[in-house]
Amino acid sequence: MHQLTLAEIARGLADKSFSSEELTGALLARIKQLDPQINSFISITDDLALAQARAADARRAAGETGVLLGAPIAHKDLFCTNGVRTSCGSKMLDNFKAPYDATVVAKLAEAGMVTLGKTNMDEFAMGSANESSHYGAVKNPWNLEHVPGGSSGGSAAAVAARLLPATTGTDTGGSIRQPAALTNLTGLKPTYGRVSRWGMIAYASSLDQGGPLARTAEDCALLLQGMAGFDAKDSTSIEEPVPDYSASLNASLQGLRIGLPKEYFGAGLDPRIADLVQASVKELEKLGAVVKEISLPNMQHAIPAYYVIAPAEASSNLSRFDGVRFGYRCEEPKDLTDLYKRSRGEGFGVEVQRRIMVGTYALSAGYYDAYYVKAQQIRRLIKNDFMAAFNDVDLILGPTTPNPAWKLGAKSSDPVAAYLEDVYTITANLAGLPGLSMPAGFVDGLPVGVQLLAPYFQEGRLLNVAHRYQQVTDWHTRAPNGF
């Protein structure tokens, strides 16, 4: 059963080939057997999962037919889950049990999905390798000596290892798309405001967006259907009708205009990845797409702008973790200042402390205009570049990452080298655009992804192109040895 996709599970549950309780029991056993090799879960919620599975079976027996009813899911451990530890991968929240469900968790539970657990992640979603977690690094199922990407590395590794068919993730600078690329999955970052952020512990509030990780575009469409929609509890949520994402999966690509930004193919891109991108372009051309070169002239400024804006927002968001109200508190503080200082110094890991310091510096009186305001101006230029490009093309295509997955620890001592791995993904977050990564081949036995970007609220178009591509290629069907 572990080889089934979400769509196949939906069909199996509908025709009573197996029950949700049987499926849940089998997957929980598989997680306990195999996860110690990859460390993709922080919490496994056996009792909750079996109770939800029995409830889903009862709902189906009573005549309900929802497509996600009884299907399994695991949530990245920054989505609040009522009564279950929500750690954000940090010592700071090691003992925190959320008193409510995040909107995404609530919506999927309402649809009848069964929560198997909470997945490992970079601490407070800050990282591109899933090495900064308080609970230890996650390993890539394709090669256990390599990283799975981050910050949704646990969510990606769990699906890649066939521990379950799909997971939720979040994407602030590529944290769904980059691990999807490095573990041979399909990962979708929706338009900013498409999926509610309520109950999603914030890293950078103007960039964060929740989305699905699965093996196929078809599965991502099913999951996005359950996650998307307006939420009055999230002030950044947008009132935009949610289309039927599955209905447009098979639409023709005839005449679809795809742009290849020349800036994507310069120095820094592994030439073997460039070749795989070109191979995917040829497949899409065979399906009727028209490909042309375009320019995104301000892309070179994206990383410096992002690494001012995101840490600035993080320094503000993470100020709430002070040892007073909830989370980690140091032993026997001398006074209030000592409580703040030691609780935060002991509770936050090195990368989180680094980004808080950078953000606080960028927001300080003497540097605010020079750094933060300038970064926001660059952000506007990047958005304008995309708007101009989408006057000429329907979609933008390129590599998801400049390199395949690197070895564990290889970039730990050089944070900037890790930051540069986000070069192709962060522009979509700065502009708020939807983006998808899909499997496109292998380099040295490690997966490679191709990224598609679309205009606002065109997730259906991204899923359509990825689905048609997956009908004529088999990269997405390949599984790592031993799993």
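Including glycine, each Cβ sits where the backbone N, Cα and C put it.
Quick look at what Swiss-Prot lists:
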ACT_SITE  Lys76  active site, charge relay system
ACT_SITE  Ser151  active site, charge relay system
ACT_SITE  Ser175  active site, acyl-ester intermediate
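Around Ser151 (active site, charge relay system), a 10 Å sphere centred on its CB holds 34 further CB atoms from the protein chains shown. Ser175 (active site, acyl-ester intermediate) sits 5 Å from Ser151 (active site, charge relay system), taking the CA atoms of both as reference points. Proximity of Lys76 (active site, charge relay system) to non-local residues of its own chain (separation of 6 or more, Cβ distance below 8 Å) is seen for Lys118, Thr119, Met121, Ser152, Gly154, Ser155, Thr167, Thr168, Gly169, Thr170, given in sequence order.
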